[in-house]
Structure formats: structure tokens, C-alpha cells
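TrEMBL has this to say about the protein:
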- 7-26: transmembrane segment (TRANSMEM)
- 38-56: transmembrane segment (TRANSMEM)
- 68-92: transmembrane segment (TRANSMEM)
- 98-121: transmembrane segment (TRANSMEM)
- 133-153: transmembrane segment (TRANSMEM)
- 173-194: transmembrane segment (TRANSMEM)
Amino acid sequence: MKIDRHLYALLVLSAWLCASVLIASQGGFRVPLTQPPIFMLGAILAPPYIFCLLMSKSRAVRDYVHSLSPVFLTSVQGLRILGGGFLFLWWFGHLPALFAWPAGWGDVLVAVLAPVVAAAIASDRRFIRTHAFVGFHILGLLDFVGAVGSGLLARGAFGMVATTPSTSALAELPLSLIPGFAVPLWICFHLAALDQRRGLAVSGASSDT
């Protein structure tokens with residue numbers, strides 16, 4: 001049964017990835033620089049919202065998420081070392097510093113911390129109950145808030161700042177897969193880990209009463 005659930009999750013992720021590729025290939029993420037990228041914002045925010053909705057409404061989804069290894073949910077954030085590529089793109093003049101620096105260095109920080117936190121969980125499962133565990137996943141979420149915010153500012157979307165170069169490269173393949181697929185997926189992993197911790201806290205409180 002567990003294999004079937006993993007396969008179903010893989011099919012959902014594959015369909016999501018294909019949809020993101022198709023949308024980007026048709027120019028669906030391109031908008032004038034002075035306008036907010038509404039469709040891209042939707043691609044970032046809608047999947048975590050749907051994920052949270054399913055978690056709250058479906059016992060099957062919640063049970064599946066809680067069955068995932070917290071070591072996996074944490075260590076997968078190590079892949080965010082790829083975000084360091086934003087710094088190289090800035091260096092070569094393809095992305096503005098206003099976006100590349102907070103997004104790039106934030107991802108690198110989270111990626112470096114991920115294996116440390118994952119190792120702590122692997123050595124002692126009770127680490128999930130600590131503030132350090134929660135703090136790591138909150139840090140990862142705040143990094144995305146900063147990246148999205150700086151990206152909007154760098155576009156001049158609110159008439160505040162307009163930079164050269166712009167962030168228009170993020171609307172094109174393959175970079176579009178970062179905000180259009182990887183970022184919301186990583187957000188879901190953070191939320192899943194935090195919900196696992198919440199579930200442990202609730203079960204612990206119930207056992208004490």
C-alpha cells in the first residue's frame with residue numbers, strides 16, 4: 001500500500017512538472033516588467049495552499065505526509081544549493097543583485113544547514129521536538145519570502161525599483177522551473193515537516209493527560 005501511495009505522489013509531481021514546463025514553453029510566465037507576475041505568483045503560492053487544504057481535509061493525505069521520513073523532508077532542502085547559481089547569473093549580468101544576493105545566499109545557507117539538521121534527526125528522532133528543528137524550517141520559508149519580495153521589487157512591479165538586468169530570465173526555461181516547480185515543492189516539504197512536528201506535539205500532550 002505504501003508503494004502505491006509513493007507511486008501516486010510521484011505521478012502527481014510528474015504531472016505538475018510537465019504542466020510547469022508546458023506553461024513556460026508557451027510564454028505563460030512572461031509579463032511586462034512593470035507589472036507584478038501574477039501567474040508566476042500563482043504558480044508559487046497555489047500548490048502549497050492546495051497542499052495545506054488537502055492536509056486539513058483528507059485523513060489519507062495527512063497520514064501519508066506523516067509517514068514520510070523527517071530526515072528526507074529536511075535533507076531534501078540541501079538541493080537548494082542550486083540557488084547559489086543565482087549568484088553566478090548575477091556575476092555574468094543575467095540577474096539583478098537586488099534579487100540574486102538575498103535569494104542566492106539564503107538558499108546556500110539553508111542548503112548548508114539541511115544535512116546538519118537531518119543528521120541530528122537521524123541520530124535522535126526527538127530532535128524534531130526542538131526549537132532548532134522548527135527554526136530551520138521557518139528559516140527556509142522566510143528565505144522564500146525574501147526571494148519573492150526582492151524579485152518583485154527588482155521588477156519594478158510596484159513602481160518602487162526597476163533594475164538592470166531584470167528578473168525576466170526567471171520566466172524562461174530552464175530557470176522558470178525554480179519558481180514554477182522547485183520553490184513551491186520545497187515549501188510543501190517545509191510545511192510537511194512542521195506538520196509532523198505539530199502532530200508529535202499534539203500526541204505527546206494527549207498522552208500526558
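Glycine is no exception: its Cβ is also placed from the backbone N, Cα and C atoms.
The recorded stretches the transmembrane segment (133-153) and the transmembrane segment (7-26) do not share 3+ CB pairs below 8 A when only pairs 6 or more apart in sequence are counted, and are therefore not in contact. Long-range neighbours of the transmembrane segment (7-26) within the same chain, counting only residues 6 or more positions beyond its ends whose Cβ lies under 8 Å from a Cβ of the stretch, are 39, 43, 47, 64, 171-173, 176-177, 180-181, 185.
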